[in-house]
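Feature annotations, courtesy of Swiss-Prot:
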- 8-283: domain 'tr-type G' (DOMAIN)
- 17-24, 81-85, 135-138: GTP binding site (BINDING)
Amino acid sequence: MSRTVPLERQRNIGIMAHIDAGKTTTTERILYYTGVSHKIGEVHDGAATMDWMEQEQERGITITSAATTCSWKDHTINIIDTPGHVDFTIEVERSLRVLDGAVAVFDAVAGVEPQSETVWRQANRYGVPRICFVNKMDRIGANFFRCVDMMVERLRAKPIPIQLPIGSEDKFEGVVDLISGKAIKFDKSSKGVEFTEEDVPADMMDLYLEKRLALVEAVAEEDEALLEKYLGGEELTEEEIISCVRKATIARNIVPVFCGSAFRNMGVQPLLDAVVAFLPSPLDIEQMKGMNPDNEEETIVCPCSDKEPLAGLVFKLFSDPYIGHLSFFRIYSGFIESGMTVLNSTTGKKERVGRLLRMHANKREEIKWAGAGDIVAVVGLKQASTGDTMCDEKRPVVLESLDIPEPVIEVAIEPKTKADRDALSAALAKLAKEDPSFRVKGDEETGQTLIAGMGELHLEIIVDRLTREFSVNANVGKPQVAYRETITASSKSDMKHVKQSGGRGQYGHAVIEIEPNPGKGYEFVNAITGGVIPKEYIAPVDKGIQDAMKSGVLAGFPTVDIKVTLVFGSYHDVDSSEQAFYVTGSMAIKDAVHKASPVLLEPIMDVEVVTPDEYLGDVMGDLNGRRGRVQNMEARVGSQAVRAQVPLSEMFGYATDLRSKTQGRATFTMQFHHYERVPAQLAEEVIKKKG
């Protein structure tokens, strides 16, 4: 099959931001101007095309990453609109993993907010080039340059304005393009479709010249010949500046900044021009690398070409009530077509590709073929999980998977009636497969089912989906903190598991040493020499240890951040088995942890409260009373932003308390920051409750 649009004219981008910065509205305008949507959907009407789940339309927030395709100036743009609410961080994570570029949307009044920082860090981790759009320039308190300064202070970025706003707040009427030297003003009667290009306003000329000089100096360094030309006193042409900005953006040396008001239909077409001009095509990014599943030392490069063997990543699963199981798939090399057989190299199983769909939010177009660089939805991959690699069986390769955040909050859930019992288990299993940051586990002591997630809203929406999509009714307990356990000292365990009861017995012997491994999770080192434990019994010891760590020795919470070294052991020719060594591993770790001064850990949250000045004292006093540590404060227009770190256990019900303390005028955001040791007295209470 041949492509209708060459790869160099394709863009895979994400739109990312803090909640309420205007991401979905910006995406809606993009769809309107590119001709996909004939009517502009407004988020506050509950009619936005990209927010298509019922809960999204009711709450006015984006929960899942809707994927859509549109065209602009002979380019194809695949857009993923990601949620800005911290409870849905996994959606942002999995989108950034498969994108080539991103548009970061900022609120011109609030500037860089906590979730903006989280998303920015995620984009840094995946090396995603980005451009910025300072939105809501028409709102009271909008300040473009303060927003740019905050990008330097909080994001450690190198923002370079490509536009300047003409006016602000209710006088905002357009932008000055620093490259073309034109003022662009948008026609309100045509919803911004029509716009005029004029000369730079006289009162902005000095600012224009100053900022244009800064732009040229920042990007000329990308090209030695152009730098010489510039230093020699010659003017750079528009084409030369655009070429330099593109190189610098893709190299992540600068972040071009644009501005506008998506809701007022101002500044979106120049933003689309920038996506095409400055963000990379699949050919511009570093070639994807993976490893050979049969030889982990061997790196396999997957060049972005349809002629190469297939390699792609499943980055999202979704259950469609009409079609069934959808797997969202990014192809890095090769092609995929309906009917072909692919290898899931993560599981080692083969799968048959059913139908292929190109998604437009919740509408879909059936296609027969997709090639390197494409993002499509596949029907029929029954065994696939998020993060799995699909490839050509003749060239197996495993691509790097996703970073899955650990849940910090859990609730007990039970079916309302006997009829709901089986349906509840099946529905929870389906939802856990779709969303890797959502976990389901059984509490062996109480017999309860616990569901765990990234926050109260995350779990609320899961329970809501059980009723709406699966017609399952469930009772939900009060939220509980997802505590963890760890060790503070090193220890050793010499464990023998011997069972003799007629017939074949059981024999396993392992000596392990454990030590704290702060922030690095679980690590297993096999230091066995001379075959004192045969090779085939090493993995069962490791598995036994990991399974035992799911329920800690203090209060049954998962044990984390431990390095285990298997140093010695012995076996019996007849009585040793994988099962015997599995049991030995599990007994050894419990014994070793008991000796290693175990402690309880609790999640600490980053909290930002924006409050009117007159309530500042009450807000600060309340945070201190919740064991909070204030990190910094910042004055905003008529209000103060307070940032603090507070234990999650102290934050339940905070929204209601804050509303009553400030007459509903303060707002707050909260996201997980790190785990920290629980003070001894409180730890005793938690352990007693569990005991």
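Glycine is no exception: its Cβ is also placed from the backbone N, Cα and C atoms.
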Cβ packing number for Ala17 (GTP binding site), 10 Å threshold: 28
Structural state of Ala17 (GTP binding site), classified by DSSP into three states: strand
Met137 (GTP binding site) CB neighbourhood, other CB atoms within 10 A: 29
